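A short worksheet on the structure shown next.
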């Protein structure tokens, strides 16, 4: 059996086609897998496990159905949903993982992560990331009224869009030295990540590979690891 990896689905109520496509993926492709790993940005925004958004319940039910069939599901936080907590994970039946995880899949030593920590040339983003990952600041934010959290999140997203519009594509992409440092430190032969929305499988020195997941904007994207190797799949939301 194969292990599946996805990232950057960016689920939100404003994009029902993406939601339908992801639910179809869970019922068809994921149900035939040995395990499913979601490498961040499952949701476009996450302001707390107490958000009563009906979409969150719908996704929790679908993921719970998958795990109840004996297919484990694991989650690494992204830059959009880094506040997703234990309460929602329990509702989904998924297991929360640290920001970086090393695993052995058959003969492959694989390191998985969301990918934003590899974009070390984007100094502004890395400073922002360090700030919002401070525990005290997260606790303060989650203590605010829900509607205030939503307004803050909307403002932060708008600021991010404006900031990214002034950055070059190279700055927002991964840093090759950062990639090699992670692979050297972990001894991994394969790296799988998302975040950049640039799906591809890159050959690296020393017979190593970096597999990048695509975003679920107009089609689905998944990486499959099996005895046949590492494969990138892109498919229609109904396929």
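Here the Cβ of each residue, glycine as well, is placed from N, Cα and C on the backbone.
In the record from Swiss-Prot, residues 79, 80, 122, 160, 164, 167 bind substrate; the candidate from 56, 57, 193, 195 listed for the same site is 195. Record note: Swiss-Prot gives 41, 79, 195 as Mn(2+) 2-binding, and the candidate from 114, 217, 218 in that site is 114. Going through 133, 197, 202 against Swiss-Prot, the one listed in the Mn(2+) 1 site together with 8, 10, 41 turns out to be 197. Within 10 Å of residue 10 (Mn(2+) 1 binding site), counting CA to CA, the binding-site residues 80, 122, 160, 164, 167, 195 contribute 80. Most Cβ neighbours within 10 Å, among the binding-site residues 79, 160, 164: 79 holds that distinction in the structure as shown. Comparing the Cα of residue 122 (substrate binding site) with the Cα of every entry in 8, 41, 114, 195, 197, these being the binding-site residues, the smallest distance points to 195.
The Mn(2+) 1 site, placed at the center of the C-beta atoms of 8, 10, 41, 197, has further neighbours from the same chain whose C-beta lies within 8 angstroms: 7, 9, 40, 78, 80, 194, 195, 215, 216.
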